[in-house]
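For reference, the structure is listed below as structure tokens.
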Amino acid sequence: MPKRTDIHKIMVIGSGPIIIGQAAEFDYSGTQACLALREEGYEVVLVNSNPATIMTDTTIADKVYIEPLTVESISRIIRQEYPDAILPTLGGQVGLNMALSLAKTGILDELNIELLGTRLSSIEQAEDREKFKELCKELGEPVPPSTTVNTVEEALEFGDRIGYPIIVRPAFTMGGTGGGICNNHEELAKIAKNGLELSPVTECLIEKSIAGYKEIEFEVMRDHDDNAMIVCCMENFDPVGIHTGDSIVFSPSQTLSDKEYQMLRDCSLRLIRALKIEGGCNVQLALDPNSFDYDVIEVNPRVSRSSALASKATGYPIAKMAAKIAIGMTLDEIKNPVTRTTYAEFEPALDYVVCKIPRWPFDKFSKADRTLSTQMKATGEVMAIGRTAEEAMQKAVRSLEIDEKDLYSETAHHASDEEIEQKLVKAQDDRLFYLAEAFRRGYSLEDVHELTKINFYFLDIVSHMVEMEKNIQENKDNLETLRLAKKYGFSDATIATLWNESIDQVRDLRKKNGIIPVYKMVDTCAAEFESKTPYFYSTYDGENESHKSGKKSVIVIGSGPIRIGQGVEFDYATVHCVKALQKMGYEAIVINSNPETVSTDFSISDKLYFEPLTLEDVLNVCDLEKPEGVIVQFGGQTSINLAAGLKDHGIKILGTSVKDLNRAEDRELFDQIIKKLKLNQPKGLTATTHEGVIKAAEELGYPVLVRPSYVLGGKAMEIVYNKSELEEYLHDHVDIAADHPILVDDYLDGRECDVDAICDGQDVLLPGIMEHIEHAGVHSGDSMAVYPPQNFTDEVKDKIMDVTRKLALTLNCVGIMNIQFIVRNGEVYVIEVNPRASRTVPFLSKITGIEMAQVATRVIMGESLAQQGYSDGLAPEPEMISVKAPVFSFSKLADVDSYLGPEMKSTGEVMGSDHTFAKALYKAFAGAKMQLPENGNVLLTIEDKDKEKILPIAKRFARIGYRIFATKGTADFLKNNGLHVDLVTKVHESENADDNILNELREGRIDLVINTMGHDIEKNSDGFIIRQMAIQQNVPLLTALDTADALLTSLENRSFATDALK
């Protein structure tokens, strides 16, 4: 059926900020969908609250609204735009839930707006646990024994009757939010309560656990004419019981017999047809490893995280096809963009193995509960492609950018046998390394299978790699062993360690003997048809399929997996760098390892290499492509860290030189520049021993800011207020050495700001100054920020510009750089310089209209700012005011303290823009899901040092009609200052009393918590327990008084003043 001509304007709802369970894959799918609809001639209106994405670029849709994803906000846009239809199935769970909410308000019926793609009834049938179970019964498809509950009592009755373990799955949530495996009555009571609170419809499915079964996923497509096909089959390394987003995944499936595959394939096709889904969907199935019995776990009636992985694994662009199906086209009339000759109905065939490994945030959150279960905890993922499962897995491990570069872990090596067995039984993020260690110690496949229930085939892969380690070690400099090692994915670095040689010695031996990788094309059809995709992976098997084009080329290094501190913002900058290079006539080549992002869409760059971002893997591509040079400024710290190694091997680094990058990043060299330029800086000292750090802190005087050098996202950065806190910090965090010194800074309390500058060696363009709303001490990534700044005089702005210019020119910056300042009493202090793009680039680019990454790329390639039409200095400020607000994923990470400090904790961001600061704040808070009633109850739990500061804030809350609740110390202080306060008892006082602080939160009597008890970071401290309870109960929580002040500004502008005349 040809595309529909009765609709012309389509609204696409995006997925909002990045949180755990909903990451950059929806930027990728949303971008693809918008472009596909425009390609077919439709006018596209996009609504999304996330400024960090490519999706919210003005080139992606005809109209782009960066507005809160609330019913109120979207309804307003609908009445303004009058779209003919809405496409909600590409914005993750947020988009789906928003479509359901809009439908319930009646606005879609009132304005005769159609929902495209999968019908609402189908979405409800797939998402509503009880309706889905009934459908499976009708189809004769098996599901685990289960019941749907709306109360904790119902859950406990079922659990006690059917027996444990039990799995809790809340309805209409994402990433397993609120769910879990319960082994007894007490665990079920706790998890069911949490799950019911987090489900928007207060409903959970309680089912008998089938943990230990194989977990298989099918990505399925169906069109209006009932054509249906399988895009990809994926198999989880981990058995059922660990969320698929936290599982290692292989594609194609590795252990299914043809009979099992056909049986599960048929089941998936029956389900998508029965649900009448139009577009893409993800079917999760559990297979008993000892029989042909299987159970249906769930169906996601939309594009998902697995769809992005399947798209990159096969080269088949699922979101693009789903968008075209939504407008009435059928699979047999849509061309496959990879081959450009076959049609979309052909099922992809793979002649390689893909391995995905999740990237978890536990390097940031060392005290978090690392146990993996049915609730997702990973922030991102990496993907690697190889000819064997071993090669794919080894490449994926080294793509993770963690301490382990292969299957050897120093921590696992020093663990006792008892600790290793505990790690195998209770899955955590590092279980893979303990599996390898168990095999090194002689555990049999049977022993390890008994402890883990992981399939023998996957255990054999790990065991084989451990055997190969031994083989490599015993055959030093043997060429056959070297060939075999490379075939199975061993890196030069691992081989060098096993041979006790340098990496360059292994590399030289390999190259001298012609042991070099070939690059194979990802073509969707196992080379059956000619393919046009410039999408490649390396292997040491067969013929090379990637050839130099003859055009001048530039390699752009991506930013790797999404993690806290290095998010989708860097992918945004990478994509814009590619666009600028293409406009200048260069062949733009991307190297990246992240399957979720737009930069790894093969249609974005001229050539895509899906490779780990290690020196060896990047050099191999450089050896083949012989580029004009490599750009490292847009891939975050990942690419910057590769610059020196690339230069040492003769590769030209374009833009700021490696020497100057080092001058900005090395503390002592940077201090010399500050002194030479006579600039202000917080006093700081460097130490290389524990004793040296303590001495430095005493010399500067507490509080001090401590951190390692060369880090991103404030990793291991803390404000410490006394010697005992400093000793605990040193014990918890840090390996100190001469080449890894610790920086100790005097902590300055002032107003922080961020600038991104572009310098061509002569002129310096400052697109904007972003003022942080929180005072210094909260990491810039966790601060709310406003542009244009609201509290800086022209004199301060001039000083910032002057200092920026001096630093950019002295550091010989060519391209982009980021500087963070503290403004105190009209003086400007330099905190740090990052000689690369920062996470604020997308936000500033969108609100200033200056495509910063593109302008910087042109500068890097030799085009001056003047030639591009920009002059030296601060760019003119727009009339609109924009606020950026961070978004956190604390509900997914038990035991992570939500108190904000210098170490970054946010996973995403939203933006609010309007003509006044108060309205922009309101939108930013709404986008971050902090919508408060005009009057309600606020709980204040405040440190003594903040008591004076809380008084004006408390008075303002009282004035707009909020009731104030506080514990005795704060309550007495506020009462003495004339305020009415409701007293609550402390955490450990009369715990069962109705007015105990935790009971007040549990019973839903509190609308907002302001808690500044931050230094007490112990898990049993009152401050920590209150913060955890607020997050569990989904109560808005603020830990900085500046944020409370901003929230009040927003609330006051919604409330009427009620002042007596006298």
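A Cβ is built for glycine as well, from the same backbone N, Cα and C atoms used for every other residue.
What you are looking at is a predicted structure, and each value in this text was computed from that prediction instead of being measured.
Residues or ranges marked as region 'Carboxyphosphate synthetic domain' in Swiss-Prot (evidence: sequence analysis): 1-401. The feature ATP 1 binding site is assigned by Swiss-Prot to R129, R169, G175, G176, K208, I210, E215, G241, I242, H243, Q284, E298, with sequence analysis given as support. The domain 'ATP-grasp 1' annotation in Swiss-Prot covers 133-327 and rests on sequence analysis. Positions annotated as Mg(2+) 1 binding site by Swiss-Prot, on the basis of sequence analysis: Q284, E298. Here Swiss-Prot flags Q284, E298 as Mn(2+) 1 binding site. Look at Swiss-Prot and you will find E298, N300 tagged as Mg(2+) 2 binding site. Per Swiss-Prot, Mn(2+) 2 binding site is recorded for E298, N300. If you look up Swiss-Prot, you'll see 402-546 marked as region 'Oligomerization domain', on the strength of sequence analysis. The region 'Carbamoyl phosphate synthetic domain' annotation in Swiss-Prot covers 547-929 and is backed by sequence analysis. Taken from Swiss-Prot, the feature domain 'ATP-grasp 2' applies to 671-861, supported by sequence analysis. The ATP 2 binding site feature in Swiss-Prot is assigned to R707, D746, L748, E752, G777, V778, H779, S780, Q820, E832. Taken from Swiss-Prot, the feature Mn(2+) 3 binding site covers Q820, E832. The Mg(2+) 3 binding site feature in Swiss-Prot is assigned to Q820, E832; the stated evidence is sequence analysis. Feature annotation from Swiss-Prot assigns Mg(2+) 4 binding site to E832, N834. Taken from Swiss-Prot, the feature Mn(2+) 4 binding site covers E832, N834, and the record attributes it to sequence analysis. According to Swiss-Prot, the feature domain 'MGS-like' maps to 930-1062. Under the heading region 'Allosteric domain', Swiss-Prot lists 930-1062.
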- Query: So which one is it: of the binding-site residues R129, K208, R707, H779, which has the fewest other Cβ atoms within 10 Å?
  - Reply: K208
- Note on the structure: If you tally other C-beta atoms within 10 angstroms for each of the binding-site residues I242, L748, the top scorer is I242
- Message: For a three-state summary based on DSSP, what are the helix, strand and coil counts in the region 'Allosteric domain' (930-1062)?
- Response: 54 helix, 19 strand, 60 coil
- Report the member of E215, E298, E832 (the binding-site residues) whose C-beta atom has the most other C-beta atoms within 10 angstroms. E215
- CB within-chain contacts under 8 A for N834 (Mg(2+) 4 binding site), separation at least 6: A664, M817, N818, I819
- binding-site residues near Q820 (ATP 2 binding site): from R129, K208, I242, Q284, N300, E832, Cα within 10 Å gives E832
- Message: Please report the three-state DSSP label of H779 (ATP 2 binding site).
- Response: coil
- Message: So if I measure Cβ to Cβ from N300 (Mg(2+) 2 binding site) and keep only same-chain residues at least 6 apart in sequence, which ones fall under 8 Å?
- Response: A126, C281, N282, Q284, S306
- Taking residues R707, D746, L748, E752, G777, V778, H779, S780, Q820, E832, which bind ATP 2 in the record, the widest Cα spacing (Å, whole number): 18
- Task: Sort the binding-site residues R707, L748, H779 by C-alpha distance from R129 (ATP 1 binding site) and give me just the closest.
- Result: H779
- Using E215 (ATP 1 binding site) as the reference point, find which of the binding-site residues E298, H779, E832 has the shortest Cα-to-Cα distance to it. E298
- Message: Looking at the region 'Carbamoyl phosphate synthetic domain' (547-929) alone, can you tell me the average pLDDT?
- Response: 93
- How many neighbouring Cβ atoms, not counting its own, are there within 10 Å of the Cβ of Q820 (ATP 2 binding site)? 19
- Note on the structure: All chains considered, the count of other Cβ atoms within 10 Å of the Cβ of Q284 (ATP 1 binding site) is 21
- Enumerate same-chain residues with a sequence separation of six or more from G777 (ATP 2 binding site) and a Cβ-Cβ distance below 8 A; give 'none' if the list is empty. L705, I719, Y747, D749, G901, P902
- Message: If I take the alpha carbons of E832 (Mn(2+) 3 binding site) and H779 (ATP 2 binding site), what is the distance between them in whole Å?
- Response: 12
- binding-site residues near E298 (Mg(2+) 1 binding site): from K208, I242, R707, L748, H779, Cα within 10 Å gives none
- Query: Of the binding-site residues R707, L748, H779, which sits closest to I242 (ATP 1 binding site) by Cα distance?
  - Reply: H779
- Rounded Cα-Cα span from K208 (ATP 1 binding site) to L748 (ATP 2 binding site), Å: 55
